[in-house]
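Q: Submitted below is the structure of interest, expressed as structure tokens.
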Amino acid sequence: MATTSGRPGIFAVRDVRSLITETAEEGQGLKKAVGATHLTAMGVGAIIGTGIFVVIGEGAGIAGPAVILSFVLAAVACAFSALSYAELASSIPVAGSAYTYTYATLGELVAWIIGWDLILEYGVSVAAIAVGWGGNLNAFLDSAFGVALPDAIAKSPEDGGVFNLPAVFVVLAITFLLIRGVTESARVNLVMVAVKLVVLLFFIVVAFANFGTGNFQPFAPEGVDGVTAAAAVIFFAYIGFDAVSTGSEEAKQPARDLPLAIIGSLVICTIFYVLTAVGAIGIASPEQLEGSDAPLAAALDQGAGISWAAAVLALGAVVAITSVVLVIMYGQTRIFFAMCRDGLLPQRLAQVNQRYGTPARLTLVLGVLIAILAALVPLSEIVKLVNIGTLFAFVLVNIGVIVLRRTRPEMPRPYRVPWSPVLPILGIAFAIYLMSDLPWDTWVRFVVWLVIGVLIYWLYGYKHSRLRREQQGGTPGWARTPEDGDPQ
Ligand SMILES: NC(=[NH2+])NCCC[C@H](N)C(=O)O
């Protein structure tokens, strides 16, 4: 049985072929139901969210009108990694994204660490995003109807409420949608993506119709430093194209569609973002953008005199963030699924529901945990933690491309990063550069999170790892009959 490269212990590497064949095992197979359009929409769904609707103001405050260049720079930084994601997703079309790629290249311990890191990037961050959803819902209700939910049921205890009902509501609603089926989820997502693109388009058209060049001077008051510092924050707005790869296993034609969707969603969002940034500066000063919680609405209000714009943009933000929650929760369930299937987390959770073709049990467990987190915890610090965690995953995915080219040169690669290893190395360099721009306490929190993860591996994953059990001569999970009992 050729499941490992023969390396023992915590650095044992999964064989790519066995990773792929295991996806067809009884009760562990996800339904292959998602085509190119839906995959691309999943990318756009995960990408466009608070970043463009809110964080753009912070960026304009740091870089001035040159925030436009920060958007371009952040996109370029993502582009190299996107190519690497595209290569690995098309050649290892297995759920789990960076976690699975790392298992196939750098071994079990590093894979566990990145999986644990992705739980931070997806599971914890989605709770924060759901909290932001509640805030935007209130802004919408207020600007459209002049009503808002009382604080007691709209805020976490620390912010003066009892619990955050809207956040719990959105998480549970999406949990049920995800259990219901990947096709249904992808369809709902497509509608939401259309709405958010129309809202951004509305902004761009109005902004260009009222465009003036007065706000462009001085263009870069803080020089190059301002542009790069703003790019490190704006990076958040681009996170999400990686989420496409978490669900590779459900793609109908992974070889063709995954690279298309990963790169395509990044390109679409870059175009929208840069036009939005140019339009915003065309109608509002950086100070106006920085001074508002809803910078795009403020720009339309002050720069184009459209007072009802706030309601449209708040609605756009609510819908946008709903689809971010959908795709990121989806990604979290698929990463968890892969980790359970490999035995690093309880394997019985990786059961696929026969009727819906989704990992229903695990989705419910995760949905409830995330809802509890979203109800009670104020998570404003989370944005920076998410950035550092995501950048760390990017580094490992780029390394994964380089390593796999050496260890498995003959493996079929439907999509290949051009000029490897130059572009993956640039991807690593950009990611490390942006990480180094993040504050010290973010690093400390990140390291603490990883240490907790290593402890859990040591106490659970190391013993239960399916790979290790097979190495030690136990019956491989896929050869087990029901009478052998559940492999725990
Ligand atoms: N994996 C994640 N945590 N993604 C967060 C997505 C953030 C998204 N780009 C936004 O602007 O809202």
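A Cβ is built for glycine as well, from the same backbone N, Cα and C atoms used for every other residue.
Keep in mind that TrEMBL annotations are predicted by a computer and have not been checked by a curator.
For reference, TrEMBL lists these features for the protein:
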type	residues	note
TRANSMEM	36-56	transmembrane segment
TRANSMEM	63-86	transmembrane segment
TRANSMEM	161-179	transmembrane segment
TRANSMEM	191-211	transmembrane segment
TRANSMEM	223-241	transmembrane segment
TRANSMEM	262-285	transmembrane segment
TRANSMEM	305-331	transmembrane segment
TRANSMEM	362-379	transmembrane segment
TRANSMEM	385-405	transmembrane segment
TRANSMEM	417-436	transmembrane segment
TRANSMEM	442-460	transmembrane segment
Q: Taking pairs 6 or more apart in sequence, does the count of Cβ pairs under 8 Å between the transmembrane segment (305-331) and the transmembrane segment (36-56) hit 3 or more?
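A: Between the transmembrane segment (36-56) and the transmembrane segment (305-331), which are separate recorded stretches, there is contact, as judged by 3 or more close Cβ pairs.
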Q: Which range out of 63-86, 191-211, 223-241, 385-405 gives the transmembrane segment (417-436) the most CB pairs under 8 Å?
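A: Looking only at 63-86, 191-211, 223-241, 385-405, the most contacts with the transmembrane segment (417-436) come from 385-405.
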Q: Which range wins on Cβ pairs under 8 Å with the transmembrane segment (362-379): 36-56, 161-179, 223-241?
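A: The listed stretch sharing the most Cβ pairs with the transmembrane segment (362-379) is 161-179.
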Q: How about long-range neighbours of the transmembrane segment (442-460): same chain, 6 or more residues beyond its ends, C-beta under 8 Å?
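A: Residues 109, 112-113, 116-117, 120, 344-345, 381, 384-385, 387-389, 392 contact the transmembrane segment (442-460) from elsewhere in the chain.
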Q: Using Cβ atoms only, state whether the transmembrane segment (223-241) and the transmembrane segment (385-405) have three or more pairs under 8 Å that are 6 or more apart in sequence.
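A: Between the transmembrane segment (223-241) and the transmembrane segment (385-405), contact is present.
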Q: Can you see whether the transmembrane segment (191-211) and the transmembrane segment (385-405) are touching - at least 3 CB pairs under 8 angstroms, only pairs 6 or more apart in sequence?
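A: By the criterion, they do not touch.
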Q: In the same chain, which residue numbers or ranges, 6 or more beyond the ends of the transmembrane segment (161-179), come under 8 angstroms Cβ to Cβ?
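A: Apart from its flanks, the transmembrane segment (161-179) reaches 126-127, 130-131, 133-134, 137-138, 149, 151-155, 185, 188, 322, 325-326, 329-330, 333, 353, 356, 358, 360, 363-364, 366-368, 370-371, 374-376.
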Q: Take the transmembrane segment (385-405) and find every residue of the same chain, 6 or more past its ends, with a Cβ under 8 Å from one of its Cβ atoms.
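A: The answer is 16, 80-81, 84-85, 87-88, 91, 97-98, 101-102, 104-106, 110, 114, 117-118, 120-121, 124-125, 128, 232, 235-236, 239, 242, 411, 417, 420-421, 424-425, 427-428, 431-432, 434-435, 438, 442-443, 445-446, 449.
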